[in-house]
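Trainee: Okay, here's the structure, questions in a sec.
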Amino acid sequence: MAAPSLLNWRRVSSFTGPVPRARHGHRAVAIRELMIIFGGGNEGIADELHVYNTATNQWFLPAVRGDIPPGCAAHGFVCDGTRILVFGGMVEYGRYSNELYELQASRWLWKKVKPHPPPSGLPPCPRLGHSFSLYGNKCYLFGGLANESEDSNNNVPRYLNDFYELELQHGSGVVGWSIPVTKGVVPSPRESHTAVIYCKKDSGSPKMYVFGGMCGARLDDLWQLDLETMSWSKPETKGTVPLPRSLHTASVIGNKMYIFGGWVPHKGENTETSPHDCEWRCTSSFSYLNLDTTEWTTLVSDSQEDKKNSRPRPRAGHCAVAIGTRLYFWSGRDGYKKALNSQVCCKDLWYLDTEKPPAPSQVQLIKATTNSFHVKWDEVSTVEGYLLQLSTDLPYQAASSDSSAAPNMQGVRMDPHRQGSNNIVPNSINDTINSTKTEQPATKETSMKNKPDFKALTDSNAILYPSLASNASNHNSHVVDMLRKNEGPHTSANVGVLSSCLDVRTVIPETSVSSTVSSTQTMVTQQTIKTESSSTNGAVVKDETSLTTFSTKSEVDETYALPATKISRVETHATATPFSKETPSNPVATVKAGERQWCDVGIFKNNTALVSQFYLLPKGKQSISKVGNADVPDYSLLKKQDLVPGTGYRFRVAAINGCGIGPFSKISEFKTCIPGFPGAPSAVRISKNVEGIHLSWEPPTSPSGNILEYSAYLAIRTAQIQDNPSQLVFMRIYCGLKTSCIVTAGQLANAHIDYTSRPAIVFRISAKNEKGYGPATQVRWLQGNNKKAPLN
């Protein structure tokens, strides 16, 4: 966690959808990037379910159905996968509940469940302000406040310290309650406390930690329950213990329990406040307990003023939820202030990053042109942007810091991907190969701008910082379109390059270029693999990436892409120098042995970038980015350098959040293109027939001459794949001028089922002109969970 002075709170000021009314006594859980809020209230108790998508800044009200529970406050609320359990709470003043409801969030279906009572003893009585914690297939209920009076208007409070265990059924439903026999001194009765469960990674049993609460006075004690031995203990702690409190929140991220807000004792006298304020007040103090060392650390003290409104104001009865390493806080009660007959509640939503983000995946190539790359990487959750850098072995002219440039603003959101390497085998054992190096083929690529059906972010969020992304809309393109013809397995497509030789045995992966096409029935993966091609028998292909995309609305960006020569792998310790398009007249910038110069491409809001330029390093600098924090150089003061055709570049990317710039990804290598070879076949279709399947395609949109023939290949099972599943072996199943072929059931019986993403049979189709073979369209025919019979 950052030092107290470096905490970087963020208030979410831009969002869409129906915002829930401000409230207190509500609860929240997280399912992936969703924050789900239920209950609480101010002017009456709320009974609706609200969802906030932290990735799109969007509130929405799901259409729930089934046994919808009544509104409640100060209830138990836990999440097990995609199901949520609600227990107890106040349903109206003086009337509490002990009913249990289950919500299947995948269908927004409520169900009232009736667990069996304990073998000995009574089930939990109606209560509020209890803790309800999940670990494994069990929920643990502790404490709360009950009403001893049967008359809800005559409230007789009774504080509880009973302990129950609720066993869950897998997926849906519950088994029943039990009352574990515990050892040691039991914590005193209390309500509005917090309880979290934590288990050390290396060793140790899971432990439940209870902190604070209320039993006539606020508490600051910490209790530990070993869930294996059922032994209570009071661990000794170091550091400054937070003030006694209730109605606070406790959230676990890593090995830390973060405590925020709540009611605390009022320090000092203020004659302008009410008698209540002199006794208790809300706080915005923020601390964490290291659960491995039981040491408290204060991040924001109770006495720390906030004149700039740079963090959440004091509150109690709010909700807090951890999504990744980010904490979200919403609403809550603002002390004893009142508006008419209601409490004043906070309406704001805040978040705080607790750690720097992890390294993203390697940069992946979507498409390449003679002077640009369209690249992507896997999204990292809860980040604010990405720093993309490149490096090259070619020398370039060192830049002086007084040159200026006006960077463009660009950014596109893409979907997850997979990557692998591949081999191609001849039709028979007697086939041989002679590998030779020749000219580079040119490939033609297509990219897609995915447009989700919902508005993900406001327009102002398209790009976080200036970048060197460039528009490639002035180029031509091809599209790979997979359509499922019947109710058989789904299909997906990749674009890849095969050699000009028909009897190819070995293929070493190089680079890939991807594009996507929407369909309500198919998942499409497209990948272009660069080859060294010749008229003789042989090819060397180096496959870097593939891109998997789910159904979205798409537009086509048209560009030429280039299959590049094989790029020599250079380890991260290799020496590199920057380059220039023209012979430099100034001295070339040098790099110390064992170091590589990295130049910023820009900082991007989303996980894709169009790269046609980068920023030159000032003389004597190894990097222009301040990796230690989120501050970046003023790119307007730096000179830009265009990418050069036929040149290899290395890329790396790092994610940025409120704690700064995280570690960089592993290095990827790509090469700009050289024009001339045919594009990849497009509009691939697969349909079943009596012989097997019918495979058809459309000619390349840019043949760059006459198409002489097509070749189709099938990935087959071999012992080599069993040893290295990521390295596919292909057998040619068709060669000719027709744009279709039959794949027999006998051939399919030998097909390899690729499990790199979803199970699929893999085909490749490529076209040949006078220069040789261009990129191949790689087709993944999705098989569901069927491992053996693709035609069943």
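Every residue gets a Cβ built from N, Cα and C, even glycine.
The repeat 'Kelch 1' annotation in Swiss-Prot covers 34-79. Marked as repeat 'Kelch 2' by Swiss-Prot: 83-130. Among the features that Swiss-Prot reports, repeat 'Kelch 3' is placed at 207-255. Marked as repeat 'Kelch 4' by Swiss-Prot: 257-303. If you look up Swiss-Prot, you'll see 359-449 marked as domain 'Fibronectin type-III 1'. Marked as region 'Disordered' by Swiss-Prot: 399-447. According to Swiss-Prot, the feature compositional bias 'Polar residues' maps to 419-445. Marked as SUMO2 cross-link by Swiss-Prot: Lys553. The annotation domain 'Fibronectin type-III 3' is assigned in Swiss-Prot to 677-787 on the grounds of sequence analysis.
What does the local environment look like for each feature on the list?
Mentor: Helix first, then strand, then coil: DSSP counts for the repeat 'Kelch 1' (34-79) stand at 0 helix, 24 strand, 22 coil.
Per DSSP, the secondary structure of the repeat 'Kelch 3' (207-255) breaks down as 0 helix, 28 strand, 21 coil.
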Trainee: Would you mind splitting the domain 'Fibronectin type-III 3' (677-787) into helix, strand and coil residue counts from DSSP?
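Mentor: For that range the per-state counts are 10 helix, 61 strand, 40 coil.
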Trainee: Mean pLDDT over the repeat 'Kelch 3' (207-255): what is the value?
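Mentor: Averaged over the repeat 'Kelch 3' (207-255), per-residue pLDDT gives 97.
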